[in-house]
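Peer 1: Here you go, one structure.
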Amino acid sequence: MPTSSVYHEKQMRQLCALHALNNLFQGDQSYTKEELDDICNNLSPNVWINPHRSVLGLGNYDINVIMTALQKRNCEAIWFDKRKDPSIIDLDSIVGFILNIPSDYKFGIITLPLRRRHWIAVRRIGNSYYNLDSKLRQPELLGNEADMLQFLREQLSDEIQQRELFLVLEQRDGEENGQRWIKQTSRNAVV
């Protein structure tokens, strides 16, 4: 599939969580800043400074907001233990991935010495996987399953940068999601 037909929101302000969610779902049932702000207010009502977004209210949403937003679309995020190899993931059981990575803070062309966090989405579209990072000019074609798993390994192996991976799965009524994202052949080996 050509990257021109892949939905890709580009970074605006501190709204990477919003862009990651909309890129993950490919614009279908898009989220809005107002919807994520409402989630923040419901998570921490009656507070002067909301701990789930930036002090100025410009975005920079935390994982609690993303998890609640996913639940509104009948999905959930499961934290992936980066000590395990991504090859244990049953790729057919997930919607996609959300990565939390470090990001430099830039003001124009000047990089400030502030360490920020950035949310990106990765998912399969057709037969290929894409990095849908909103800071990219266009979606990055990762390739097939092996290419995408190598990308995840590289992301998670950088211990200095402290990256986190969340698997996004559809919720199923009455079913424990516990380990249904783990390949059947790997379940016995996973502790």
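Even glycines carry a Cβ here, placed using N, Cα and C.
In TrEMBL, annotation is done automatically, which means it is predicted and not curated.
The annotation active site is assigned in TrEMBL to Cys16, His118, Asp133. The annotation domain 'Josephin' is assigned in TrEMBL to 3-183.
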Peer 1: Report the member of Cys16, His118, Asp133 (the active-site residues) whose C-beta atom has the most other C-beta atoms within 10 angstroms.
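Peer 2: When each Cβ's neighbours within 10 Å are tallied, Cys16 tops the list.
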Peer 1: C-alpha of Asp133 (active site) to C-alpha of Cys16 (active site): distance in Å?
Peer 2: 8
Peer 1: Rounded to an integer, what is the Cα-Cα distance in Å between His118 (active site) and Cys16 (active site)?
Peer 2: 6
